[in-house]
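Read the structure below first, then the notes.
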Amino acid sequence: MAAQAADRGKKALAASNPELAIKEYTTAINESPTSPDFYIQRSTAYLRTNQLEAALSDADQAVLNGVKRAKKEAVTEAQLARGKALYKLGRIADAQFVLQIVKRRDEKNKQVDMWLNKCLLDIKKLAEDDSKRTVSVTEIPEQPSAAQSGPSTSASTSQTQAAPSATSQQTPADKIRHEWYQSPDRVFVTLLAKGVSKDKATCEFSDRSVSVNFPLEAHGSSFDFHLEPLFGAIDTEKSEMRVLPTKVEVNLWKAQSGVKWSKLELDEPVPAEKADTPVGEDTAMADAAVKEAVLNPNPAPKGPAYPTSSKSGPKNWDKIGEGEDEEIEGDEANHFFKKLYAGSSPEVQRAMMKSYQESNGTALSTNWEEVSKGRVETVPPDGMEAKAYPK
């Protein structure tokens, strides 16, 4: 029965009769609801009748069915249908994200190249702060509830059936999950929570923290999400929150573009003096310490830094750092880099020595495999010029 209905649906699509195809594929889906192929074809029919949300819903379900049945080719085809629907809905960044998944899975697919080019051209026309630049989907779509499992068994009833209220669809607090990914300039945090009220959700940003709160009226509770300290500092003026029907997305703009975050949150609090110190100042402060540690890791004994007639006598600097429990005097950065060099392998020490000497103190690397390939060039600070020292 399902196969016969699907065959009739296929013929209807070929005859440019998508309305009949929807009816036939709906019959096939009722008989075989786990088939990814039937959902893919009905998604195509919905797309041709401009029922875009229904087309996306079917494509999402096709991906889920394909994953469950381990049908790789069907998953790829379903993702392509998903990308097309997202593009037609004007969700350009989402479409590009999904189509790139298809490209990774099927590099020779010419159709996906065409759709990716469409996305690229459209994104170039968007303003930098346009929400259409923001990705709000994941590779595997969220499993819908029974009430949201897709279009009704007939096209007419699917359009007239009343949707349940957003509040009744709210995700309970213990079921809310979060995901994150990043680009060179932003970190995207997604809370997988349905039915969140745009008017009642709040978000607060500080340089190293973010807090999201919204009520869960259907469950008589609220949800709080807090990250502190963040892995890196953020631009609080540009960072924002977006509330979507099935999720809440927080876009964190990195204070330092290009810095890759290895995780969202640090394990230890950030000391106030470190949090407020600009990277440039911190680097400059450590420069002398690095130079001394790398170029002179085992310095010869020196005289006291003050007259020997001092009441306390000359200070024996060679004994500083011999014990972990001994008080550290002087610059902490100096102590840190000395300890780093002394505790490194010979290969790492060679890398540090070579990179620092050849770059004239402007670069420090611990990667011998990279440093050994050639001379490390001098990279002067902004506004300065590297010149050869007169002989």
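FYI, residue positions are counted from 1 along the chain as it appears here.
Glycine is no exception: its Cβ is also placed from the backbone N, Cα and C atoms.
Taken from TrEMBL as is:
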- 132-173: region 'Disordered' (REGION)
- 143-173: compositional bias 'Low complexity' (COMPBIAS)
- 173-265: domain 'CS' (DOMAIN)
- 294-323: region 'Disordered' (REGION)
- 305-391: domain 'SGS' (DOMAIN)
- 361-391: region 'Disordered' (REGION)
Determine how many residues of the domain 'CS' (173-265) DSSP places in helix, in strand and in coil.
6 helix, 49 strand, 38 coil
Averaged pLDDT, computed only over the residues in the domain 'SGS' (305-391):
65
